[in-house]
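Copied from TrEMBL, the annotated features are:
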- 1-20: signal peptide (SIGNAL)
- 20-160: domain 'Globin' (DOMAIN)
- Cys21-Cys151: disulfide bond (DISULFID)
- His113: heme b binding site (BINDING)
Amino acid sequence: MMKLLIVLLSTICAMEVVSGCNILQKHAIKSEWSRALGTGIDRETFTQIFFRVFFNLAPGARALFHRVDGNNTNSPKFIAHGLRIIAASDILIANLDQPETYAAELAHLKRQHSTRNISFEYFKAMDKTFTTVIPAILGMRCFSPKAWSDCFETAARGIL
């Protein structure tokens, strides 16, 4: 019985590694996200920093945000929308280790984004934004860039 359990757990671990976002990476991300948003920086400030970095990396992405004043990251309309995006990220991250809930949230985001023709390049820029902003808050020694990139790519492909 014990051998069967070991084989089963090994198979599950192997499946996690192949999927591109394993359980250890998921826990690292959850911890880092929680610490980054719990450092005293408020979510509005985090959102503004996040989108300034994002638009610097992907200037063409501003056009996707024209209905919410994407040209002015200080506008209340843009901040409100940015906060919704950070909240959606928070939901995804909180549920990384809850496959059914995570899949449901990805499906919801896919429905929201399917008509917007968003280039995968913008998702790459979003990944780069996470891997720039989070370690700037936490410090590089407290950050797992491969975990973020692997798990973000899995999420991005689920949304596209």
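Cβ from N, Cα, C; glycine included.
The average pLDDT computed for the domain 'Globin' (20-160) is 91. In the domain 'Globin' (20-160), the DSSP tally of helix, strand and coil residues is 111 helix, 0 strand, 30 coil. The number of other CB atoms found within 10 A of the CB of Cys151 (disulfide bond), across every protein chain shown, is 24.
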